[in-house]
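The next block holds one structure in the form of structure tokens; read it before the comments.
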Amino acid sequence: MHFFEYRENQLFAEQVPVTTLAKEYGTPLYVYSAKTLKRHFNAYDSAFSELNHMTCYSVKANSNIHVLKLLGSMGAGMDIVSGGELYRALKAGISPQKIVYSGVGKRPEEIAQALEADILMFNVESVQELERINDMALRMGKVARISLRINPDVDPKTHPYISTGMEKNKFGIDMKTSFSLYKKAKDFSGIQPIGIDCHIGSQLTTVEPFLEALDKILEFYNELCSWGLCIEYLDLGGGLGITYEEEKPPHPKEFGELLTSRLKGIPLKLILEPGRSIAGNAGILVTEVIYTKDTPSKHFLIVDAAMNDLVRPSLYGSYHRIAEVLPQGRPLQSYDIVGPICESGDFLARDRELAQCESGELLACFSAGAYGFTMSSNYNSRPRACELLVDGANVHCIRRRESYQDLIALEEKE
Ligand SMILES: Cc1ncc(COP(=O)(O)O)c(C=O)c1O
Ligand SMILES: N[C@@H](CCCC[NH3+])C(=O)O
């Protein structure tokens, strides 16, 4: 459920016509709905209200500091994967005690930054990383709270590029090695194991893989308890999918109920790291048709948003619904909707049925609030898009459009 709706035959972002936004801020343009972000966060967070839990929004999904502030004001913690994301989270006023740090390649300076900030815990992804955190904590006179990220070898049944919990993936530590590491943890005086972590992938549309992973993790937890190792936190990561096309992922409520029934009575504090399920359907990308072009085999709509703005279709073959901002009631036509970038892989949609369009018309690309702007680049020296946050009738420009000067700013001599 989101607040991008057609009224009076035109698309609105909450109370504001999208045409008004495009006129004032230009295109390509990311538009987020504050009401949708709040609704999604509440739906997710309240689904676990019977459990002692903390919802740590996954910053990588949409890391605009104003989005982080909004979610932080609702009580969200943050899941981070880099020093840059830590910087953003702290700047957004998130308490370090609500920050968990995942990622396979934490660099020494990033570990130092997180130790300095005194974050809640590191989700450790390798033996060498654990040794490094221990050494650095000792040198800095700190004790690092950690979880091991377990790789439970479960198939999440999602796109292979975003599967993270199978043995062949680079993420986490296999169960056997994890057992021996928890046993050895007492030799690491700079480390305090306080949790177990697991994140098996993104855009999961069924609950079975989550439950399969959870069962394995709970067995693991019982084993740790039998050795007398007291773990306080169970971090189950993110990964709950959304509807882009016809997927029917479980509603957060259903997801919450299932996990609650498995976890009730177990003395663990649950951490969740949702990203896409909070931000995905809270954003659209607005683009203008520059040209229409017919070739012997295709009808092309050449639009002003490209793979540098939204890479998901090019990278994963992902589907994003695309529709006219001002429907004209014209007959349908099959289009390839492509950007101006010099790559044949630069497309937002292929062979897509859409009402016939003309140059100058606006299109909205839906479900672009997560992994949209955060994965954008300057390829072909294209300034990155402007981001707006609409809240009722109020419009906040939360990132201005980049300028040509911005493109070269870091290349100029001091
Ligand atoms: C460690 C970790 N936590 C949380 C997430 C957020 O996942 P999603 O956006 O699918 O909820 C990711 C991304 O897949 C991740 O790598
Ligand atoms: N970037 C991916 C999700 C990756 C999640 C990060 N672990 C997407 O757009 O679907």
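Residue positions begin at 1 at the first shown residue.
From the backbone N, Cα and C atoms, a Cβ is placed for every residue, glycine too.
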Hey, TrEMBL has pyridoxal 5'-phosphate bound by Gly239, Glu273, Pro274, Gly275, Arg276. Any idea which of Tyr371, Tyr379, Tyr404 it lists too?
Tyr371
Distance [Cα-Cα, Å, rounded] between Tyr316 (substrate binding site) and Gly239 (pyridoxal 5'-phosphate binding site)
16
Any idea what the Cα distance is from Arg276 (pyridoxal 5'-phosphate binding site) over to Lys60 (N6-(pyridoxal phosphate)lysine), rounded to a whole Å?
9
Provide, as an integer number of angstrom, the distance between the C-alpha atoms of Gly239 (pyridoxal 5'-phosphate binding site) and Glu343 (substrate binding site).
30
Centre the Cβ atoms of Gly239, Glu273, Pro274, Gly275, Arg276, Tyr371, go out 8 Å, and tell me which other residues of that chain have a Cβ in range of the pyridoxal 5'-phosphate site.
Ser58, Lys60, Ala61, Ser202, Gly238, Leu240, Ser277, Ile278, Ala279, Ala370
Cα-nearest neighbour of Gly275 (pyridoxal 5'-phosphate binding site) within the listed recorded positions, Lys60, Arg312, Cys342:
Lys60
